[in-house]
Amino acid sequence: MELESKIYVAGHRGLVGSAITTELEKLGYSNIIKRTHAELDLTDQAATRCFFEEEKPDYVFLAAASVGGIVANNTYRADFIYKNLMIQNNVIHESYKAGVKKLLFLGSTCIYPKMAPQPMPEDSLLTGELEYTNEPYAIAKIAGIKTCESYNLQYGTNFLSVMPTNLYGPNDNFDLEKSHVLPAMIRKMHLGKLLMEGRHDDLVADFQRFSKDDTVVDLAFAKAELQKHGITENHITLWGSGTPMREFLWSHDMASACIHVMNEVNFVDVSKGKKEVRNTHINIGTGVDVSIKNLAEIIQNIIGYKGSLIWDDSKPDGTPKKLTDVTKLHELGWKHEVELEEGVRMMYKTYIR
Ligand SMILES: NC(=O)C1=CN([C@@H]2O[C@H](COP(=O)(O)OP(=O)(O)OC[C@H]3O[C@@H](n4cnc5c(N)ncnc54)[C@H](OP(=O)(O)O)[C@@H]3O)[C@@H](O)[C@H]2O)C=CC1
Ligand SMILES: C[C@H]1O[C@H](OP(=O)(O)OP(=O)(O)OC[C@H]2O[C@@H](n3cnc4c(=O)[nH]c(N)nc43)[C@H](O)[C@@H]2O)[C@@H](O)[C@@H](O)C1=O
């Protein structure tokens, strides 16, 4: 990418899109195109076509998607497959038609079989059954990889796919039901701490901050929400058994990996030597994982939460382990910088502002 190239970051206000935008701006890229969901609904084929015909971007980072934690994936199954297929089909096809030089599609490591070998190499794609809770989302993401590969093979485009591990950082989703585990634990422990210390005004302010509609957010509302999510003066409630293993990457490291891949890697680099071209996507992660129980302890120490942790086994565990094999990424010249404890500290700072 040249500093003046026209770069479209789809999903520029989200966790990953905002980090990519910030990192690009820091590096001096000055022609970044942004559209909110309200300004451009990427599930709308005609609107997406119009946008690409008018703007004709040189490069596209595809970080717009319907995203959520394990319960959101398992509950909104139709939304997760339909919306993600629509967004990626529209953006990839219109990028091809508009002559986009390079596109980066963001998938997820849930594309791999539930019982994939660990760490999971790119070649374990489509070798076994998927984890049930996120099967619709994973199938959409697998379709995205195959769409990019197929357009490259048939039309000579240069569209790449990256499969990030679990991500966290500024502009994360802190919804107590729909979020991923790391932001959920930070918010639950912070709320538990406020409740334990009798800081009722701060509790109400927290719920007001995340309120999206006209609901009156007062102490009664806050207490009802706390009860609904199993947060009391003595304990907070976390999900599943706590035994699953997960790997976490700071969103600005993820952004740096995306920019590195966009600048340094071409489809020819990841497809060369393959008789049948498949599995050209690239894993993005740290190569290090922790148990969910261990993650809870790390967050508890950093927040200074003194209550106990209850594990609700009516909630799903999901995949037992999904550690990325980052050999290919390291060979392509990129490695993460932020380790988990440092990242959690930064995350808590951005949370309490
Ligand atoms: N978070 C994670 O742990 C992981 C994320 N990923 C992948 O990374 C990518 C980014 O995820 P993340 O940043 O977490 O997601 P977020 O939910 O934080 O952001 C999603 C973005 O997509 C935009 N968006 C959603 N639907 C539409 C639509 N119909 N039209 C236009 N824009 C839309 C939203 O726009 P607006 O802000 O205007 O509403 C938002 O900016 C996704 O592909 C996801 O699958 C992969 C692995 C892990
Ligand atoms: C990024 C990734 O994200 C999802 O997969 P996931 O990693 O299973 O998701 P998660 O972050 O929500 O949970 C990780 C683990 O943590 C446990 N857990 C404990 N307590 C809470 C809790 O309070 N909230 C949440 N969300 N989880 C909790 C939870 O039970 C599970 O064992 C998919 O969308 C998938 O498609 C995907 O790509």
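Every residue gets a Cβ built from N, Cα and C, even glycine.
According to TrEMBL, the features are:
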DOMAIN    7-270  domain 'NAD-dependent epimerase/dehydratase'
BINDING   11-17, 106-109, LYS141, 164-167, HIS180  NADP(+) binding site
SITE      SER108  site 'Important for catalytic activity'
SITE      CYS110  site 'Important for catalytic activity'
ACT_SITE  TYR137  active site, proton donor/acceptor
BINDING   LYS188, TRP239, ARG246, ASP317  substrate binding site
Determine, using Cα-Cα distances only, which of these recorded positions is closest to ARG246 (substrate binding site): GLY11, GLY14, CYS110, TYR137.
CYS110
Helix, strand or coil for PRO164 (NADP(+) binding site)? Use DSSP.
strand
To the nearest Å, how far is the Cα of GLY17 (NADP(+) binding site) from the Cα of TRP239 (substrate binding site)?
28
For the substrate binding residues given in the record (LYS188, TRP239, ARG246, ASP317), what is the largest pairwise C-alpha separation in angstrom?
19
Looking at the recorded positions GLY17, CYS110, LEU167, which have a C-beta within less than 6 Å of some atom in ligand 2?
CYS110
By Cα-Cα distance, the member of recorded positions CYS110, TYR137, LYS188, TRP239, ASP317 nearest PRO164 (NADP(+) binding site):
CYS110
A correct count of other C-beta atoms within 10 Å of the C-beta of SER108 (NADP(+) binding site) gives 22
Which one of these binding-site residues, LYS188, ARG246, has the sparsest Cβ neighbourhood, judged by other Cβ atoms within 10 angstroms?
ARG246
Under a criterion of Cβ-Cβ distance under 8 Å and sequence separation of at least 6, what residues of the same chain contact TRP239 (substrate binding site)?
ILE70, VAL71, VAL181, TRP311, ASP312, LYS315, PRO316
CA pair CYS110 (site 'Important for catalytic activity') / TYR137 (active site, proton donor/acceptor), Å rounded to integer, equals 8
